[in-house]
């Protein structure tokens, strides 16, 4: 065991294999990823700007949407600039402590997002099932407390998982991934990783299944309440307030459950890369589009923003 621990001491950097070794494919991927990255930056920044500037969006639903956009921005920035740089370079290396920080940051932001989606589901439950008491229940203090709790829970879990991951003695430093991701790093271990896999399963249950259970419970109550509305217009309006959130929930939880909870196969590592890319970049890119295109209040705030911008010119 002492010799195995010395193996880890000599790892000063990691080599990332990335998505492809083919130069033409890397150029194509660079353009594609850069485009998605820019759309992610513009979309989420615009959502934050609209929420801060328009008084009509100063309510709990848009407060949580603003926090989600901020988390998505940070998540995309945690690995995308490095991935883009690696696509244009022959040597795809990352220093050891940069890898540790990247894994901690991405896990923390990812976990926080799941808890936030659970909090947003609770907000929609109160709005649909207790509309007369909505402003009383979802007061500013509760919203701030829920958002802070989501971030603390996400980063506390991330700290635990990061510590047990990088305490493993490593056989080599070549990571078959485009970023420092838990499953990819654990595969480098020289020792039995059963304990790590158990802890990852527990972590996955807490971070994925608990918020998912809250979402399912909230939407079960929401569907029951909507079915009791006699007016077709009323049912459509009630469902419309939840549709965007439900689409985002299905994307994020579906991709991550596939990555972490579906049994692994020998060819699953390449699939994992693209699922991680979907969750880390595609979902943050689509979130603002889903919430804005399906939301009349956000579109109205955007039109007002454009009008004010034209007037200043």
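Quick reminder: no glycine exception, Cβ is built from N, Cα and C everywhere.
Any TrEMBL annotation is an automated prediction that lacks curation.
Taking TrEMBL as the reference, the stretch among 2-23, 134-155 described by the feature transmembrane segment is residues 134-155. Per TrEMBL, the listed range annotated as transmembrane segment is 100-122 (candidates: 100-122, 169-191). Listed as Cβ neighbours of the transmembrane segment (62-80) (distance under 8 Å, sequence separation of 6 or more from its ends, same chain) are residues 33, 37, 40-41, 44-45, 47-48, 51-52, 102, 105-106, 109-110, 112-113, 116-117, 119-120, 123, 143, 146-147, 150, 178-179, 280-281, 283-285, 287-288, 291, 297.
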